[in-house]
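Participant: I'd like to ask some things about the structure below.
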């Protein structure tokens with residue numbers, strides 16, 4: 001079954017589909033978003049900023065997207081950045097210019113999203129470097145995401161809508177930057193140069209900044225096909241993730257409604273993207289981590305290095321209790337399983353199917369997950385073992401063509417999670433995706 005022949009409606013009822021990461025990010029969301037955005041009218045982002053990243057290949061050309069939705073690469077697609085985002089405008093403009101063409105005419109920015117300034121990035125670096133010296137680093141991308149959300153919730157941040165009236169924006173800007181320079185003892189900061197740049201951004205973007213809530217609801221009323229692109233992933237959610245080793249936004253399904261302003265009843269289908277093994281960038285608990293040659297094998301074969309930071313990712317076995325916890329939050333309808341090909345060549349594959357208390361020996365209740373930073377001190381993973389396979393599976397065209405042991409592994413994941421696996425990624429290229437009937 002060729003996935004390119006199928007519309008998003010072939011995998012669920014309704015026109016509004018969300019693609020959400022179900023682990024610690026880097027699950028490979030970009031590929032399925034890219035595939036489905038060809039068939040959608042509108043592609044949206046609702047959270048985060050340039051700390052996220054997708055690398056998409058179209059017509060043998062690679063595009064690194066950090067702020068723009070994947071749909072921007074298709075002429076029939078309108079793209080929306082929602083109010084839940086923090087936007088580093090220079091990075092956005094650079095991304096627009098790197099793609100070329102008149103793509104800005106297909107882009108709308110929420111007037112309620114917040115502007116991320118260079119000073120936010122300066123503060124982020126200062127804070128992370130201080131934590132590093134104390135041995136308490138979070139492992140942020142130093143893109144200024146946390147400090148920008150901090151000014152937002154402190155009610156001193158500047159919304160993108162302010163940029164439509166430059167004189168008003170200028171007064172807000174000077175007040176904010178002066179306050180932050182004093183608060184963080186920053187003496188070397190070129191406000192005049194940044195203001196000059198923002199005047200050009202004002203001229204370029206003033207007609208692209210709109211009331212996204214009204215726009216989105218009009219599109220919903222017109223029954224447009226809407227693809228919602230989640231940045232980061234569930235276990236990095238500010239509330240539900242492995243706090244404090246998380247991002248600063250709501251990365252789970254609730255962020256869609258608060259970050260785009262659409263009615264929760266309008267979402268028809270939630271796709272949970274799940275990597276066939278587990279990875280994590282930066283610090284924080286990782287109870288199935290492999291610090292041996294198998295972990296190195298997964299990292300090198302899967303090229304597990306950050307799209308945004310190029311940092312090596314920590315690798316480990318797939319964690320079923322994590323997926324059940326995320327399913328409780330996101331109500332995952334179907335699963336896109338990615339990078340199954342990376343497991344080829346392993347003699348044995350472990351699948352974490354539970355956690356046992358080190359103190360009592362009792363198994364953790366289904367749907368619960370130990371997210372506290374000291375969780376590894378109190379729980380140990382329970383594994384089920386699977387025989388591996390040697391074959392290269394990247395040329396398989398159907399689920400039935402996969403090696404028997406690969407099929408057994410996939411079916412076990414499906415059984416434990418209780419949501420159907422619809423797509424399986426078996427290689428790096430866009431067409432290395434099979435549909436499981």
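Cβ atoms here come from the backbone N, Cα and C positions, even for glycine.
Not measured: the values here are computed from a predicted model.
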Participant: Which of these, 15, 129, 232, 263, does Swiss-Prot list as part of the IMP site with 26, 27, 28, 29, 51, 52, 53, 54, 141, 155, 247, 311?
Facilitator: 232
Participant: Of the binding-site residues listed here (51, 53, 310), which is spatially closest to residue 31 (GTP binding site) when Cα positions are compared?
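Facilitator: Nearest by Cα distance to residue 31 (GTP binding site): 53.
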Participant: Which residue, of the recorded positions 26, 341, has its CB surrounded by the fewest other CB atoms within 10 A?
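Facilitator: Lowest Cβ count within 10 Å among the recorded positions (26, 341) is 341.
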Participant: For residue 312 (substrate binding site) and residue 54 (active site, proton donor), determine the Cα separation and express it in whole Å.
Facilitator: 16
Participant: Using only C-alpha positions, which one of 26, 51, 53, 54, 232 is spatially nearest residue 313 (GTP binding site)? These are the recorded positions in the record.
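Facilitator: Spatially nearest to residue 313 (GTP binding site) by Cα position is 26.
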Participant: Quick check: in three-state DSSP terms, what is residue 55 (GTP binding site)?
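Facilitator: Once the DSSP labels are grouped into three classes, residue 55 (GTP binding site) ends up as strand.
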Participant: I'd like to know which of these binding-site residues, 28, 53, 312, 427, is least surrounded, judged by other CB atoms within 10 A.
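Facilitator: Output over binding-site residues 28, 53, 312, 427: least Cβ neighbours within 10 Å is 312.
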